[in-house]
């Protein structure tokens, strides 16, 4: 800075107030008056002179003026004397000839030099800067800490004001001070003592910093003080307050810059970190004041100072412009607007706008915060769903009023109503306060029956006027009380045991449910029978079908169609008239022998407790007879003594009794079979009956002392050594008989589902008590199975006690103690074991889940697990373990489960004993647990399931994955492997199947070496046979025209060619099917059936062409004088060779295929075990073999001993001889082949028969080539001659010419003879 002695000084003085005649339009500028200390002269600047001249020419009234006169000093030593001079001068009265009064002369502003183009100016005592420039003046840098020095402010040169003015309340720095909250950082480590104001460190920091702050901020306008408030960590943050007048951003920044000059450098104050936060100078407004979800909200922040940028925050998170947020910032108006569209309750909370102004030494933050509350716009209807009965008189009279309200009153509320539905009933809208009403006018004509249940949606939409819009819908279901009609197939009466149905119709089709009840006296029963009620929507009909009426079904039937809460009902009364059921009629005898002309008593008895006024007759051979009624203790018996009078022959007679009740309906008893034995010696004759030795007599299980009179079943007697011996006792025990009767009543009861749990408890208890009886009686065992089958048809809730009782009953009857009884049942070829398995399947299929669960049940040898299908189901993976540690795992993938219907069930049942009581295959044994998996959801497509079975016997080989096919074996059931693929894995077998039912694994002893040897023989032999047959056909085609020169030879080669062709086709089919079977490929049943048909047909063709060959030979040698044309012979041969086999093959498949017994289980060939279909091949083949052997014998004799009149030529004789050889050799070979084939059918036949059959069967083609073609000398000659074709052709021509000449000679001779005659 220049020294005071060398720099020019400027001193401004407040001049006097003078009255002068000057123009009011004149512009006054300070006079520039310079005192030069070196020249000692005074001078005015030219511009001042111009001002002065201007002042003289003004011609104005004498106003008062304040005149600023600027005095420039070149020497600073003149400053103080000049100030003293001005203060002591007496104001003059006249200035330059102008009448002026000077009131006061004072110095106001002093400026000192500060650089080339600026100066530091300060106001004298009692003067201050005007408020208009308060924010623009910048303090000059302080040179020392002396507070006595006045504060000076930077001014640019030349300086033309404004100058300091007399100090008033409006002057710069006057008025109430403001508090500036500020902070700065010290780049040093924070010490805990700075947290405690009483610590020495705290007090030292506070004192030093306050001293520096006061020194640097003292020249701010209106400065009062600077106070340190506290310290905070993060290095060291100093928080302090500055009390001062309104200071501008630049002024504060300028003062911040000076702070380090007054503070020791050890504090490491960072001058770039000064920050001021202003919280009370921002105008924050929110519109609208009431904000609802969906509104558009405008948040506006305004400040009174400039800023560089603005940032908006919501809960401290920065808000960026986006789809819902837009920010509009206008720098000129110092305003920022945040616009939020479609607000939600999540937009509620604290919003802050932060304006930021930053310079190198000062950061100023304007911060304002407002809390925004977004309220949901609740529209509350008076109904959400309401049902209205259109044809109700009350509704038609009053209509229906709908309304919607909001929870606040809004003046800008707008309302509209919309109607959408099949039934278009409109109304009138009324707005009342914060509610709107809609009055509906309902008429029956607007609700036709077919639209009953239709839903019309009434939507009230309410708007706030700021974008929020809410709608609320009221669903009105328009119902119509239905007109119900009922009818019965029996009018009003029906007999016990008869079926009937009741039909209920409604004119309203859109119903929700239909219920049936039977009211009898004070008792009302609900009909809960899924199987007997069939409902349809269009037309709206419900049919209740009762298969067998009982007294439980009598009463008034009430049919109710329910739609929502509206019930529409009708009723009809049905009377059930008593009639005994067929199973409750005892016949005696059941089967017996009778004598001619001797009366035999026939009886039909019923329980005395059920007797009504029945009309009873006996029918014998369709002839009706009256009966005699007699009571026998607890039975009423109807007796007829039958005498047979036509005694010419032995015959069977059928008799039965008929009960007819008062309404003319009747029931027939079971048939009594009478065997007439005329003229035979009677061996047995007593009270039981009569019969010859070995005759069978069947009597009922009758005990007249028993309260019920008799039990089910019968006793079979046989006449042995002149007395009747009990051959078999199939009578049911009393408790089991009662259980069977109760089961029959339960199944036909209208409350079967409700009564089933208690019955199953009784069944399990009684079965356990009667277990000894069951073990010793296959009849009792079969009755329990029948009971289980009947009750399994009733749907049941999956309650653990109910399921436990059912499975425990199954467990009891498959126990080891019942093995003999099961063997007896299987010997009788009854389907009880299959029926038991099916009953468990049906039971699990009809389980109805409780609380969306299927409980797991274990009953020793039977276990059950299952699930209910839901949206979040994963894999179905269930593990079972038997008491002997055998395991099975069931796995159904999540992908398969997701295709199922929601709330359907998957249930698996494991059996450790049941698999062994099912009929077994020969050499194949159940070698694991049996598992049943059922699915309640109907599926027609494939359903993949994987099961892993542990092997029971590790020595068994060749595993097969099988399922129990209930339709096989005449519906007795059998194992089937269709759709299942096995994978053997050490001690386990994995079965992958594409359907559900009951599965297990079958394995057999290791016979692989025998099978492999037989297969090699078959494949090699068939290859040889096929090659031989092809060669045979080629040879026949090559020599055909050379070897068919007469009828006999022609027919022989036709037969040989067709035999070879038929056998070739049959062998091709045979080897194809055999190769498929050997590769364990699961061929479809259709392909297997087709292959079996063609193999059967073409093998028969081979034999029938052999028969044709034999018959031609027989015809040519036996019927010597008879000559038939070649065409007729060929037609007969083709009919015999192809038509007869076709008829046999088609008949066989037509008879056996419907019974699923056409093919064998594992081989594509005719069935033997079930239908004996193989006989359709064996019998024709054996008959043909026998016939051809007979023909061969006759022909050989005829050839060796020719008869008189034999006119066969030499060539024909040679042809006949060749035919005879072929027949004589091929027929035994073919017969022997299939003789070995018959031997293989015999159980436990020697393996040698299988090998010989495979060998002979495979080499049949070779036999035909050798003995039917190559053995023929004529063919040999033709083949040899064909090798030398030209020579052979000339010789052939000569031979033909010779025969031609001979023929001409004979013809001429015969003509001459005829002429001579």
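Heads up, the Cβ atoms here are built off N, Cα and C, so glycines get one too.
Annotations in TrEMBL come from automatic prediction, not curation.
The range from 1131-1153, 1292-1314 that TrEMBL describes as transmembrane segment is residues 1131-1153. Which of 982-1004, 1097-1119 counts as transmembrane segment depends on TrEMBL, and there it is 1097-1119. Residues 1051, 1054-1055, 1058, 1062, 1089, 1093, 1096-1098, 1100-1101, 1103-1105, 1107-1108, 1111-1112, 1166-1167, 1171, 1173, 1176, 1180 of the same chain lie 6 or more positions beyond the ends of the transmembrane segment (1131-1153) yet place their CB under 8 Å from a CB of it. Here the domain 'Ig-like' (271-373) is broken down by DSSP into helix, strand and coil counts: 3 helix, 63 strand, 37 coil. A mean pLDDT of 85 is what the model gives for the domain 'GAIN-B' (853-1009).
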